[in-house]
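Visitor: From TrEMBL, here are the annotated features:
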DOMAIN    81-177  domain 'TonB-dependent receptor plug'
DOMAIN    261-707  domain 'TonB-dependent receptor-like beta-barrel'
MOTIF     734-751  motif 'TonB C-terminal box'
Amino acid sequence: MSSFTPRPQEGRIPPFRRRLARTSALALMAGTLPWLPTVAYGQQDAADAKAPVVALPAIDVDKDFVPGGMSVPPVDGHLGRQAIADRRTGTPDTAALLSGLPGMALQGAGGISSLPVIRGLGDDRVLTLVNNVPITASCPNHMNPALSYIAPGDVGAIDVLAGVTPVSRGGDNIGGTIAVTTPDPQFAGEGQGLAVHGDASTAFRSVNNGTTVGGHLSAATDRYVVSYAGSWSRGDDYDRGGDGKSVNSTLFETQSHALSLAARVGEDGVLEVRGGVQVTPYEGFANQRMDMTDNRGTSVDAHYKAGFAWGRLDATAYWQHVRHAMNFLADKGGYDDGGMPMNTRSNADGYTVKADIPLSAADTLRVGNEFHHYALDDWWPPVGGMMAMMMGPNTFHTINGGTRDRLGTYVEWERTWGGGWSSLAGLRNDTVWTGTGTVSGYNASYAKDAAAFNARDRSRTDANVDATAELRYAVGDQATVDLGYARKSRSPNLYERYAWSTGNMASSMITWNGDGNFYVGNPDLKPEVANTVSTSLSWHAATAADGEGATPPPAWEVRLTPYYSYIEDYISQRRLGTVVSNGVSFAKVMFANRDARTYGVDLSGRATVWRDADLGVLGVSGSLGWVRGQTVSDDDGLYHMMPLNGRIGVEHTLGGWHGAVDVQMVDAKTKVDHLLNEPTTPGYTLVNLRGSYSWGNIRVDVAIENLMDKAYALPLGGIDYGDWQAGNHTTPLGSLPGPGRSFNAGLTVAF
Ligand SMILES: [Cu+2]
């Protein structure tokens, strides 16, 4: 829903929190750089660190000042504790929390696995970090992307950095960075002894009989914190709008648990070690030929942050193991007869180290180094029964001992010049090594492809160089202008390079686009390199200090961001042919580099209509996103470009009450990727209502989503393969319908 909330209940905010937040906001408004973690992030963290464990009181002091990219924010989108608390009743899918942020769209996948798209670039083109750890989807259909491993209720904050991003916020991506963090450990105050906090929450969604149960428990002294976070969610196939018919293969169940130990180290340091497990016993994929029948992720990561005389140090070390299985859930026929098993296993480990070094009052130097090792095996055991002849008698090895290692190093210099000018410049190298072992197929019919693949040199080294330069000018105290350029690179993933079989069955299994097409890897793929220019123009009302010396948020803000990217060697496809299956033509393609361009505009704004002690605060907000993407050689549309879309929200807050009406409008999708037979979709308008009330430690949420029960197709949802399959291919293969009206309710109790 809406990404800003005016909060009037200042009497309920502890004074120290309010001061911290305002200091941070003032620093931002005074023309401090948008990428300035030392001020914006440090103090935001400090404000969050003193907050209660859950965002129960309906107050988010930060959010007034960082309203999803509409103020003068350090990021293009920010979801704080309150925004997440407002949204998590509506979805068990962490990526879906980002819905409605300017420039952001979601590519449809399973119930907890949407793939975020930023300004037309999605999936692997966006770097997704959870507590600084990059997580790779280990599946030929990308069913288990990074955000599927963390539940919405366990998220502390999400920052979105689009397009021109500082090199210190990650390499090996061309679309931007989504940085998810869990709440900071809550140490007890000095002399407070042992402090125990916790909360339990539950949510229900009528559209799929969805249920989420979650809880947190932490015990803290002034030096140590031990905490647990757990979440369980399930949902049946959801009902589509209009006729309420359920959409096949959209069911899921998942649970995650994390245990963390944090300790103060020295005067200013914190060491935190987290261990987590995630188990997804089933998740349907309506736009894929396969479903997830098991996914188990195990991870351990350690973080150390400390301040020294020379600056700040932030270091992370991590390990993650994933076991993933696909087959057919009951909607697609089940696998009592063995079905078609497909397995994936991956290991990742690595570290990141970064240092912020203030050189003078005006200059900050940032340096960092990181290494990411990733190993992947993907194999498909032989199939029994009628299909044994085709898919047997041997195991099919898609990726055998694949590795993708990356060493990244960067240096970044930030300077405040005075007179309203500030700048940031960074240079980064990411060397990426990929390779894989020899492969073999089910039987002799795969021998020719396998022999050719095994005979060739499969090791590749990409030396990628990224650079970012940004300039900001504060025009008085009511406007800022940002101008930025970035060169950013992404090396191909292991499937793009090494999915070796040109056979129809095998290549139909390689696609994360939800399109049913047939993809063949290409070892000669080069990294894609985006050259992006963007400018961001922000205006906001002048602000004046109130009687306490604090400053309320500006009465209105508007932000306009046009952008243009020329992408050399965009990882696209070239057509090998057409495969007609049950009367439907699918594209058979090989991954191939082609130059492409993306361009567009994000517009967002908000205004406080009134702010009154008796009537509360009424605010309006809105956003508009327009993006285009084309190949340069033939002007064909790029895949999964969100059509023109906008939203308008009205929000009201009074005491413990917070209510919102949100209208989302999406234009017809007519610019499509013809090479991949991308379907067009009609335009639609959705109305959502949401309200919450907090009494002390209890919070109740209610919402009606898709109030009018509108029937519509998801523009980035891919094909409705599940229904087509369940209907024995007797109906046309259409676009995936979106969910119909849902009554949602949530309850949270904290102690
Ligand atoms: Cu999979």
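Each residue, glycine too, has its Cβ placed from N, Cα and C.
Note that TrEMBL annotation is computational and uncurated.
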Visitor: Please work out the mean pLDDT for the residues of the domain 'TonB-dependent receptor plug' (81-177).
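Guide: Taking every residue in the domain 'TonB-dependent receptor plug' (81-177) and averaging pLDDT yields 95.
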Visitor: I'd like the per-state residue tally for the motif 'TonB C-terminal box' (734-751) from DSSP, helix first, then strand, then coil.
Guide: 0 helix, 12 strand, 6 coil
Visitor: Summarise the domain 'TonB-dependent receptor plug' (81-177) as counts of helix, strand and coil residues per DSSP.
Guide: 28 helix, 25 strand, 44 coil
